[in-house]
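Have a look at the structure below before the remarks.
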């Protein structure tokens, strides 16, 4: 097996951290989703990683790539990998990707996960000039991408669970519910009425924003949903074309491979 594989990809979000091992074909052979815990020290993370690999019967990584929206935790992962696995992780940032054009007022402010989505969406651009990745996480991000690795901008909205938590915190008599779609829009009890408003209402917001984005682009755009909440609204949003649960993680792997190819002059 080449020295750079297995490759460990780590996407550290505000709520969840998604990890995957990729082989030399850049296919994800193992994936995990764990809760993001900012209190974990490098040695804690090393034990956690070793436990995940061991339980899955997976090989230890020989290279790593990190995307983090929690910089202190990203640094702890990098230190844990270096100290305990002898792996120097590549940490994603706009300044490390010269082949990417970030068309923002402040290009350096782009989040690492947005760049991963750009690479993950490339396979959908064969038939389209533009793509919109809707990433359902703690926040819901709309990433607008064009061929040629151009990040055009996006939309940032409150995540569905955050909206629900805010409602429950302000209305003490409302029951905390599971965010899932009810059978019909007109609820005949409190739980179903809440589910209709929170799930169907959220889907309508997503559809409306996608229509606005498409109206501003000069050519058709493909829309792809990813992130934890994407499973809940799958089939409900009419404007989303594809659901790709591993888009960000796969984009992280392909971003790393692209950088390696540039470094080797391929």
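Placed from the backbone N, Cα and C atoms, the Cβ positions cover glycine too.
The secondary structure of residue 13 (ATP binding site), as reduced to three states from DSSP, is coil rather than helix or strand. Of all Cβ atoms in the shown protein chains, 21 besides its own fall within 10 Å of the Cβ of residue 13 (ATP binding site). As annotated by Swiss-Prot, ATP binding site applies to 11, 12, 13, 14, 15, 16, 17, 18, 138, with the evidence given as sequence analysis.
According to Swiss-Prot, the substrate binding site annotation covers 111, 112, 113, 114, 190. The number of other CB atoms found within 10 A of the CB of residue 113 (substrate binding site), across every protein chain shown, is 24.
Taken from Swiss-Prot, the feature active site, proton acceptor applies to 113. Annotation note: residue 113 (substrate binding site) sits in a helical segment as assigned by DSSP.
What Swiss-Prot records for 135 is K(+) binding site, and it gives sequence analysis as the kind of evidence. Residue 135 (K(+) binding site) falls within a strand when secondary structure is assigned with DSSP. When other Cβ atoms within 10 Å of the Cβ of residue 135 (K(+) binding site) are tallied across all protein chains shown, the result is 27.
Each residue contributes its Cα atom, and for residue 135 (K(+) binding site) and residue 111 (substrate binding site) these two points are 13 Å apart. Once the Cα atoms of 11, 12, 13, 14, 15, 16, 17, 18, 138, the listed binders of ATP, are compared pairwise, the greatest separation found is 14 Å. Residue 138 (ATP binding site) sits 13 Å from residue 113 (substrate binding site), taking the C-alpha atoms as the reference points.
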